[in-house]
Amino acid sequence: MEFTVALLREAASRAVNCTPATSGVDVPDVLRSFTAIPKSYRVGQERAEDECPLSCICARDSGTVTCRDNEDTELPGDIPAWATTLILRGNNISTLPGGAFSSNNGTKLKLTTLSLSHNGIMVIEADAFTGLPRLRLLDLSHNRLVYISDRAFHSLQELRSLYLNDSLLALAVAQLSNALHGDILCNLHRLELSGNRLKTIPISRLDAFNLHTLVLTNNSIENIGKENVSSLYRQKQVRVYLSLNPFRCNCELESFYFWLKNSSQCVDAARLLCAEPDAKKGIPIERLRSEDVDCLNENLEAVSYVFLGIVLALIGIVFLMVLYLNRRGIKRWLNNIRDACRDQMEVYHYRYEQDSDPRLANVAV
């Protein structure tokens, strides 16, 4: 087969230069032999030169392969070896199975950027990204993840940026902390988790990573716990985004409040607003007074109310005891008042009868 292709190339060269062939084979013979080449081989040669998956757009100069809005249910299996950026968007890929990128028609991938946003992905199985040792950016935003394996991101030691914006449903939120291993993602610099209804930071130990940027905007975070605040104090290089969260501005916010006042790590600190209680709703956290989040003051105020209640109860008990001990004297006093009132009413009644009867009035005269 290789000999036939070589003869074909020689014949074409001679035809261009208008010189006779020296190989001892006529051009018609070569053409006839070319027609004997299997069609699959010729298509394979053409495909090898093109190296772009069907329904995708390739830009070899930038190393980018883009497959958009094709409603494909599976990942393309013929990604060219020269590709460094793969963008799959607007498809219908519900599951990323284990080894999804490890078998690519025998071609080792050199991807450094992988975008899988808006694909309706629901499941990421263990070792889904095996075969991508050079991957530095992974975008899984705007999917519907319900399951993330604990080993979902294994083999991604070179990953620098991970985007999971608007992707996590309730079950996946609970699984995320187990999937984010500091020993695997030790080089992770940027983590974006915006719009996922998170109530806490899903990373137990920030110092296990090499994070520079953590985006947690538009979630359901009411407070940042003391452990996370302590980690943020230690990780001075981390820049955090926390706007559009419903913060509860009570004394439990104290440690976070003082970190916010004394640190410049929260880039959007001026945009953090209180959502509760109603008296502080809409007030920027930075404008709160220290006594507004002072647990000691709040506890003292609660204790004072309790003490006042106890004092009033004691006064009431003493008053009732006095009444009980003097019940006989009080009874005599009430009877005397009743008798006096009765006598007075009789006098008034007698005078009223005299005034109302003219005959009695004449008799009186």
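Placement of Cβ uses the backbone N, Cα and C atoms for every residue, glycine included.
A TrEMBL annotation is a machine prediction, not a hand-curated record.
Here the domain 'LRRNT' (51-85) has Cβ contacts under 8 Å with residues 91-94, 96, 100-101, 103-105, 107-115 of the same chain, all six or more residues outside its ends. The annotation domain 'LRRNT' is assigned in TrEMBL to 51-85.
If you look up TrEMBL, you'll see 245-296 marked as domain 'LRRCT'.
Residues annotated as transmembrane segment in TrEMBL: 302-325.
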Confidence summary for the domain 'LRRCT' (245-296), mean pLDDT rounded:
92
Do you know the DSSP helix, strand and coil residue counts for the domain 'LRRNT' (51-85)?
0 helix, 9 strand, 26 coil
